[in-house]
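Visitor: TrEMBL feature annotations, pasted as is:
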COMPBIAS  458-471  compositional bias 'Basic and acidic residues'
COMPBIAS  472-489  compositional bias 'Acidic residues'
REGION    458-489  region 'Disordered'
TRANSMEM  47-64  transmembrane segment
TRANSMEM  84-105  transmembrane segment
TRANSMEM  112-130  transmembrane segment
TRANSMEM  136-152  transmembrane segment
TRANSMEM  173-191  transmembrane segment
TRANSMEM  255-277  transmembrane segment
TRANSMEM  316-333  transmembrane segment
TRANSMEM  345-366  transmembrane segment
TRANSMEM  373-389  transmembrane segment
TRANSMEM  424-441  transmembrane segment
Amino acid sequence: MVTHFDGAELPSVRPANGSRFIGQHNGADSASLREKVQLRRGEKWRILKNIITVSVAFMVQFTAFQGTANLQSSINAKEGLGTVSLSAIYAALVVSCIFLPTLVIRKLTVKWTLCVSMLCYAPYIASQFYPKFYTLIPAGILLGLGAAPMWASKATYLTQLGQVYAKLTDQSVEAIIVRFFGFFFLAWQTAELWGNLISSLVLSSGAHGAVAAVDGNGTAIPHSSDPNLDSCGANFCVVETSDNANLQRPPDSEIFEISAIYLSCIIAAVIIVAVFLDPLSRYGERRRGSISATEISGMQLLSATFKQLKKANQQLLILITVFIGMEQAFIGADFTQAYVSCALGIHQIGYVMICFGVVNAICSIIFGSAMKYIGRVVIIILGLYGALFRRNKEAAFSNYRLWESVGFVVAYAYSTNLCARMKLYLLFGVLVCGMIGYTIVEIRQLKKEKRLKQLEEIPKQQQTDADRKVIEEDDEKDELEEDIVVTHL
């Protein structure tokens with residue numbers, strides 16, 4: 001017999017997968033859906049190992065993808081191939097967000113969803129050896145289809161481990177989740193550094209790194225006096241820059257060398273997850289509140305994603321999430337082409353984006369730690385996305401990737417048709433509208449928290465049916481926090 005943390009004695013149960021759970025009294029919730037997860041205090045070190053593992057794997061994975069994506073609008077600029085391939089990725093990601101994450105996670109579990117989805121990135125990198133519309137576009141579609149389950153499973157894994165770790169250490173669940181995500185994005189953002197460092201070193205060491213503008217006599221023109229600079233930056237328009245020497249494609253040998261390194265990174269990332277990451281079943285993957293806990297039809301899984309869209313808070317967060325996608329697309333395609341390649345040359349893209357990645361990485365860890373001191377509102381104003389739907393993690397994160405992907409698609413769709421100045425105006429407009437929506441969410445959330453606090457002070461026998469419904473439908477309540485059994489064995 002094992003003692004549950006509320007003092008009730010419960011019989012030990014060992015399920016088929018070898019993890020140790022504890023059954024519970026018969027009641028409204030069946031034992032199969034509310035298995036108790038027995039963990040020792042020392043399990044927190046294993047949880048930290050898993051957080052490091054998934055973070056390192058994504059860092060290696062996106063060393064390859066970010067480095068490749070940042071070069072697309074420049075090295076595959078002919079007929080807009082690079083930008084079109086990126087658009088295909090995020091268009092497929094929109095479809096994937098709606099149909100695939102919950103289905104794939106239920107079928108494969110979180111760990112193996114990560115492995116299979118990460119492999120979907122390999123064909124896109126390999127297509128850089130022969131970049132044509134009929135190779136890059138299908139490979140981009142496959143990548144997009146795999147990306148949504150990958151991100152949803154990653155978010156589910158980090159969130160659930162955060163809840164368990166908070167229970168083991170008696171800390172705030174929200175603070176731990178944000179700290180875990182902060183560490184993850186610290187590692188993920190350093191991928192900008194490593195991926196761009198690889199591309200810059202290869203391109204700078206080759207013949208393309210020495211290219212400079214020349215006058216009619218063959219004399220090199222200093223960048224500061226190059227007349228092409230007038231058409232760069234906010235004045236940049238794709239259709240008016242065909243004569244800019246800085247935008248010429250580097251030699252194939254250099255691009256092939258970069259692509260071979262990136263392809264090796266994808267394979268290494270998959271191996272890291274497969275070998276070193278513990279399955280989420282160790283921490284109660286198949287319990288109520290997790291989409292993998294129940295055997296439901298594909299249409300029901302699809303409806304879970306759409307049901308999440310009916311929630312007012314989710315609707316109010318749509319525009320700020322779309323902005324996140326549009327902003328990233330602008331940085332990856334328009335900024336690199338209009339402000340870096342146009343003025344300095346393609347070989348300088350990596351060095352500039354390294355600075356971007358380093359600052360992003362530093363801010364991720366600083367803001368993650370600062371959350372417990374200054375609160376979520378200040379953090380979101382400075383750039384991060386709040387965790388408001390802990391009970392419906394898979395559907396919420398699926399919606400996040402859905403609308404972020406819409407932002408990517410929209411930005412890439414007008415990328416070759418609008419000048420940089422107009423793109424900046426559009427970005428600013430969407431940001432303002434998005435922040436208005438987010439402000440309303442925070443006001444609603446504060447009112448809800450105040451109401452819940454009042455209801456919790458009322459004895460259960462005095463609560464009305466309406467009161468109990470409000471508590472039951474609380475999106476931030478997750479039974480996992482009640483289902484962890486901490487032992488001192």
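Here the Cβ of each residue, glycine as well, is placed from N, Cα and C on the backbone.
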Visitor: Check for me, if you would, whether the transmembrane segment (136-152) reaches the transmembrane segment (173-191) - at least 3 Cβ pairs under 8 Å, residues 6 or more apart in sequence.
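Guide: Per Cβ check, the transmembrane segment (136-152) does not touch the transmembrane segment (173-191).
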Visitor: Is it the case that the transmembrane segment (84-105) and the transmembrane segment (345-366) have 3 or more CB pairs under 8 Å, with pairs at least 6 apart in sequence?
Guide: no
Visitor: For the transmembrane segment (345-366) and the transmembrane segment (173-191), decide whether they are in contact, meaning at least 3 CB pairs lie under 8 A, counting pairs 6 or more apart in sequence.
Guide: yes
Visitor: Taking a Cβ cut-off under 8 Å, which residues six or more beyond the ends of the transmembrane segment (47-64) line up next to it in the same chain?
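Guide: Residues 114, 118, 121, 125, 154, 157-158, 161, 164-165, 168, 180, 183-184, 186-188, 190-191, 194-195, 198, 261-263, 265-266, 268-270, 272-273, 276-278, 283.
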Visitor: Would you kindly list the residues that approach the transmembrane segment (316-333) from elsewhere in its chain, counting only those six or more residues past its ends and only Cβ-Cβ distances under 8 Å?
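Guide: For the transmembrane segment (316-333), the sequence-distant neighbours (Cβ-Cβ under 8 Å, at least 6 residues beyond its ends) are 66, 69-70, 72-73, 82-83, 86, 90, 356, 385, 388, 400, 403-412, 415, 423, 426-427, 430-431, 433-435, 437-438, 440-441, 444.
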